[in-house]
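Participant: One structure coming up, written as structure tokens, with questions to follow.
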């Protein structure tokens, strides 16, 4: 029992005030919450937004060849109604359509017009070439009051073919055009549906009318349908415009006996452009690459929540209004000095959770105390290593989204040319895919950033531990108690990775021998106390048994066993 009293006295009497160096990381009082693959609302030191929500309410055209069609509808640049006379040939990389724009003058429609619009929006402008068609025995100057210039006129790029005189027979004719260029040609023709059978006879003579159009990959016959219809622009008749893309060295042939609106010129495309439908004004003083009906999106972010129908070099549209990308480490706000001890590598996460709000010069750093006082310094090497790996995360995220979604976008662009309005449904489906992938990509990057920051912290800890070796002891709070006097120069050598443990080894070993026997945690004290108590009890029992045995042997004690 005297042994127990001696140990307790030594523990209470001997006190160590060793020099100490601690490792920690930058922290802020209020961080930003992000989502990772495994957890939502993880607080980090800093983060950046990846979803653009702002737009410029103007069409920015600085540095671009932009064409504002105004009252001219996009399809009108092919046929040439009066409102489109100034746009029959042009070059542009941005085509702006307005709601007031009209494709026709004489009432009618374009067949498969959405596909044709898509082609023209991407055309880069057009130039034209005459078909070279000549006619005899008919009139080629049909006009209408619906298409007015100085007076009645017609589509500038079309010929309205009529009988030589009213009610006269229209002769059977065949006309052919061969595309001799090394690029596709766009050819448009019309079928006239008169307001009545009487009007059709007056214009084209009596009898059934038939128009046949054929090329190597196109064959179609048309029969006009005369009949009463509501008047539009003073006309009850209609013209249906049809079109085809004629490949190089291919020939298209038209056979007809009336009710045919013939092409006078064919169109060729000049390059690449994009088209937008918008009512906002044009601004030649600002630049842009991404447009929508409400203006221009100027952003380097990978995603946008402005408009799902934006065109050009645009961030990908997602449903989320915000997706924060972590650009800093996990935030652990600084705890007051009398804080609960945290485990180091014994903890589940293995992360040194020492957040220091005063560490502003770097992500990772040191605090020390010695005879000269206390100090704090950042570790620039580990900080730079982490920054180098995190810098460019936003650009890498943009690359991932472009590579992942561009193929889908191109695939559905082809579908749009074929089935027109079905693209509205497919785009909604694509938005769902983009939104899911955006969420996943940002969460993956955030997970990587946090894991990376943890890794750099642990690397720094291991670097210090390997330097100090047996000259110091870990205290399970991210600190090392040093068993020798370590002035500011010594502390600097630990931080700079130039510490020589052999220089201080002898002093450290001497101090370790003095400190170790009495530097016991409460758990070890309990073990020693119980061991000492057990040993004392065993010794007393052995003495008692020895006395009993001697008494029995000498006859001073008798033991009787009764059964």
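Residue numbers in this text run from 1 along the chain shown.
Every residue gets a Cβ built from N, Cα and C, even glycine.
Annotation comment: Swiss-Prot describes 60-286, 72-84, 105-147, 290-314, 486-490 as disulfide bond, evidence class sequence analysis. According to Swiss-Prot, the feature N-linked glycosylation site maps to 30, 46, 249, 424, 496, an assignment based on sequence analysis. Per Swiss-Prot, S-palmitoyl cysteine is recorded for 559, 562, and the stated evidence type is sequence analysis. Residues or ranges marked as signal peptide by Swiss-Prot: 1-18. What Swiss-Prot lists as topological domain 'Extracellular' is 19-526, and the listing cites sequence analysis. Residues annotated as topological domain 'Cytoplasmic' in Swiss-Prot, with sequence analysis given as evidence: 548-563. Summarising the annotation, Swiss-Prot assigns transmembrane segment to 527-547 and lists sequence analysis as the type of evidence.
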Participant: Which entry in the list of disulfide-bonded residues, 147, 314, 486, has its Cβ near the fewest other Cβ atoms, using 10 Å as the limit?
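Facilitator: Each of the disulfide-bonded residues 147, 314, 486 was scored; lowest Cβ tally within 10 Å is 314.
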Participant: Tell me, in order along the sequence, which recorded positions from 30, 290, 486, 490 have their CA within 10 Å of residue 60 (disulfide bond).
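Facilitator: Neighbours among recorded positions, in sequence order: 290.
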Participant: Given the recorded positions 46, 249, 286, 314, 486, find the one whose Cα is closest in space to the Cα of residue 84 (disulfide bond).
Facilitator: 286
Participant: Counting other Cβ atoms within 10 Å, pick out the least crowded of the disulfide-bonded residues 60, 290, 490.
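Facilitator: Relative to the other disulfide-bonded residues in 60, 290, 490, 490 has the fewest Cβ atoms within 10 Å.
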Participant: Given the glycosylation sites 30, 249, which one has the fewest other C-beta atoms within 10 angstroms of its C-beta?
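Facilitator: Candidates: the glycosylation sites 30, 249. Fewest Cβ atoms within 10 Å: 30.
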Participant: Given residue 105 (disulfide bond) and residue 72 (disulfide bond), what distance in Å do their CA atoms have, once rounded to a whole number?
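Facilitator: Between the alpha carbons of residue 105 (disulfide bond) and residue 72 (disulfide bond) there are 10 Å.
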Participant: When DSSP states are folded down to helix, strand and coil, where does residue 105 (disulfide bond) land?
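Facilitator: Going by the DSSP assignment, residue 105 (disulfide bond) belongs to neither helix nor strand, so it counts as coil.
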Participant: Specify the secondary structure state of residue 286 (disulfide bond) as given by DSSP, simplified to three classes.
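Facilitator: Going by the DSSP assignment, residue 286 (disulfide bond) belongs to neither helix nor strand, so it counts as coil.
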Participant: Tell me which of the recorded positions 46, 147, 249, 490, 496 ends up closest to residue 314 (disulfide bond) in space, Cα to Cα.
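Facilitator: Sorting the recorded positions by distance from residue 314 (disulfide bond), the top entry is 46.
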Participant: Could you give the Cα-Cα distance between residue 490 (disulfide bond) and residue 496 (N-linked glycosylation site), in whole Å?
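Facilitator: On Cα coordinates alone, these residues lie 10 Å apart.
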Participant: Nearest to residue 286 (disulfide bond) in three-dimensional space, by Cα, is which of the recorded positions 46, 72, 486?
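Facilitator: With Cα distances computed to residue 286 (disulfide bond), the winner among 46, 72, 486 is 72.
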Participant: Would you count the other CB atoms within 10 A of the CB of residue 84 (disulfide bond), including those on all shown protein chains?
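Facilitator: Counting Cβ neighbours of residue 84 (disulfide bond) within 10 Å gives 27.
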Participant: Helix, strand or coil at residue 84 (disulfide bond), per DSSP?
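Facilitator: For residue 84 (disulfide bond) - judged by DSSP and reduced to three states - the answer is helix.
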Participant: Rounded to an integer, what is the Cα-Cα distance in Å between residue 30 (N-linked glycosylation site) and residue 290 (disulfide bond)?
Facilitator: 35
